[in-house]
């Protein structure tokens, strides 16, 4: 609910302005003059409330809310397929036959003689009905007609998930928008109002699952699966449950030792297995709709099955066995690599690690286990190839992991609209099962006909007024949700929707903001690390340029720049062999310095600074040109935003302006550090004689 | 007191072994068969106790302690000049005429017929008498004869000070030996026993002042000057006072605002002046022997007079005025520079900052103000030129600041014996007032005949059993104290003393340890940053190699390496002009790449990698050679130490062995990172084809 309308950007895309034209306002008011739900469950109650609030704000007239059994002769009927009255079932049967559990039908049903039309919102489930309602609201926010609706929608992905990296001390790992809205000082928040406001934002874009604690599970958080936090967990589950969202917990693989008093966490040990089974039973007794566990194991110093000589499948299946009786699932992260690598050793390649760890286990995982795979083989860089692990598994449930929080993409101080990046990932054709084996279809389970699949992403929200630090970063959360529902949505459509719903209908605003968002990723890429080589950030916090930041470290993230050239040789012949993890034609494309796309050249090849790109430029001149241009373009973003003064709520305008100003200053720092580094190292002057230090 | 003799290294150099030879033991026992103090003040009581404990342990016979007025016919008489009995005054008058306040006389007085000789320990003050006792103990620990003593000692420096960088949360800024022995969780420790044990270690080497909190004064510590901590402060002052040591507090210049409720801290504001005067009065009422204030102002984000458009003299003199009525002094740090520098700007030079800030104020500081000046112009690097500020002030009290804690010299994981470095600093002839104007003589006040002066250093101790993390790092604390007393002491003498007192008299042990200590600084320098350029450490914590760590930062610490050469041009003609801050002949020496000593070449000059050093090597080959050799020598230190197995207490042996092992591994990391960095950058191969990555 809009608890404080004065908070800048708090409403996000559920900001309800009165419809612009009187005729539209009147039409909506009349078409939604009454609302009735065929059922009284909590999600349907939510659906009615949400619609009523939206209609009231958009039309200026509060709709009549009819108590359930009452038969509406006009207005909006909300119900669940199979639980409607016989007449409605009959009228909608041909459409609802197409929808599954979480889909919905929005349909205008003509009234009998003398009676007005009715709008039926029929979900395949309660949650489906709620999604239908949010669809209807979206149409009204955009001033679209709702007088002849016949919309059948079905989500592409079973799991549409958010991962909170929130710690119970109130901090958020990689959070750039304030403190946690869930926790403070080792406890759950006492006021769940903000959590509920978050739940409705998520549900409005189709999110149906959330892991509410950091995958790095620390001491206190390890106890989340114990009775210690049961009542608060129940409360959280209820708040999310009212919006059709199931909660998951990130768990510590060593929990049997850390909180169970056992001496081992060996997944094949029977006392460990029964300990987890008991935990699951207790959790499900309290929260029947509990989703399951998210696990980061044997990764970056987190405990895991390797300690006991077991593999990931042993570990995941043990937890899956505990959850299976209750319908729960295990989401097992594939972000596994050697983070104690020796930088002197050029044979070990972090990019190869996930594939090497998990493909030998394909087919060994239980049916209620999903492997959660980051989009790239490294770690959410501004540019990476798609992880080859997606093409390497066919008998295993898979899930794509994205990062909404801008860890490596400007930390919500820089604007970096990620929907175009995600679209490239989703549309990438792995050729795993012939042409058309896109990441979108592998993640959903369609390519290999897997029972489970979906997309998860690390949240970018905190307790900042506008949720996301940078108000324009809300577009990433919005776009993420929309893409989980339908990865085929064009980026432009998502952008336009978000702008219209968040900032209103002024086309002169829309054009400017759309331009800023769509240029932003490319601009950020241009002034940061070049040509796919990645990193070059300060270690630890990952903000700001540091070309050698990870060059001599244990983290396996190198560029190997010397006075002659730069890049990582990941070819099959002379390099680490990473390119072989791809199917043809990618294998050949990436393996060849001539065929490899420019933007990934340095990820796959070590080349001289004088190497000519497809663009015709040398590598070194490309570095100089993109960095000079990128910093200029960052300034253009600010200048462009400044034309909006007076057209937006002033606090919102100023907040974004301040961030864009910081970005344009920081882009100059990036430009100068990167250019200076490579000028000093290569000794090759800029062809245009621009200032390099 | 030796509260727990089993704690490895806890006794440090006050470890009392029974004298090796029976004849010596008997002689000591007889010569010290009784002890009497002519006076009953607490410091004299301490002196008697210390001597009795030492004699008991070294001789195996407990001396008789005679109550004060009792006249001893033999044994040790301890007293203060001017307060002896007439006969003693007469007998010692020609010697005691040479000693001032803190000096002492140790003299064997022949007994009358039939009576044994007596030993008189006569101090210029009670503290002087205590120092005399510790001298006597030192002689006995080393097995020296004490039968014909005539020693007159006078400290070279008025202030011989330790700066604790301890915070009240128990942490120690730049501490590498555990937690604070003073504080825990925002409070003083409840058990002052360890503090007392520290006081006796300090007094035993002549320390007479200690600032007990970090110069970066945080929130809680700001309250140390208020009544809130009065009783604990009094307790600390008593503990140190019993060993002749005065306590100082580091103060927050913004205290009038932070704890005084004023709206300004302007040093010329009368309410501010009277607030500080009141504070001083309250402090001195509680602690009449209170030393004064240590101040870090307008430095690294600490508040200071600049906020109010005032200068350092305004700030310091205001505090000095508050302390003067009580005999207190203000120690004002000169570590002032622009820490928000733009790395692109090559005209600004951090090395010049202290000189530029303070020389224009020469003569403006009150007589009870001392400027505390770091030994080098940067920040305690393994190699720096001596700060030219020492040569730039003649009408201002000055004090040398050294760093015992090994922030940039291996953090007490590496052995780095700093006495030779300090000796170079102390012996450096500034030529400020003609030849012989050494740092030692400027700091003591001798060159310019200043009323106050001395040496301060940042402590290297914490609550580790052995005090200093690395047991060999105790030698730095010991050596520091000895040099404050007498900067002319040869390093070799200090080393031998420390070894003999700490590790006993086995010459095969002594040789090995002396060799390790004396090689250690050179070895550490050889595998870290080359030729005086400094830094190349990880930012923040300052441990481990990171060549570009500060290269693009705001801290003003650069090397400007490119593919052609390296170094900072600080010459007068083409560089920052820093060399002009020195008197002749240093100005000309440093200004010339030909005359400049190799070890400081890159501090003063930017040269090509192919530049030939005085050694005949090129710069790049020097880098390779020293780094390969340094890592090998670090391993030799370990191997050398390992020959001591069985000759030392086992825990002590193993502790140092573990550190030396870590050092030798880490030296390889330094070698490889530095060599790889410069090989990649210069493209010049090692003349000997050794492995560079």
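Every residue gets a Cβ built from N, Cα and C, even glycine.
All TrEMBL annotations are machine predictions without curation.
What TrEMBL lists as active site, proton donor is A:300. According to TrEMBL, the feature active site, proton acceptor maps to A:379, A:407. Annotated domain 'Alpha glucuronidase N-terminal' per TrEMBL: A:12-136, in sequence order. Residues or ranges marked as domain 'Glycosyl hydrolase family 67 catalytic' by TrEMBL: A:140-467. The domain 'Glycosyl hydrolase family 67 C-terminal' annotation in TrEMBL covers A:468-690.
Listed active-site residues: A:300, A:379, A:407; maximum Cβ neighbour count within 10 Å falls on A:407. Separating the Cα atoms of residue A:407 (active site, proton acceptor) and residue A:379 (active site, proton acceptor) is a whole-number distance of 10 Å. Look at the domain 'Alpha glucuronidase N-terminal' (A:12-136): DSSP puts its residues at 50 helix, 25 strand, 50 coil.
In the three-state DSSP reading, residue A:407 (active site, proton acceptor) counts as coil. The residue listed as 'active site, proton donor' sits 13 Å from residue A:379 (active site, proton acceptor), taking the CA atoms of both as reference points.
On the 0 to 100 pLDDT scale, the model's mean across the domain 'Alpha glucuronidase N-terminal' (A:12-136) is 92.
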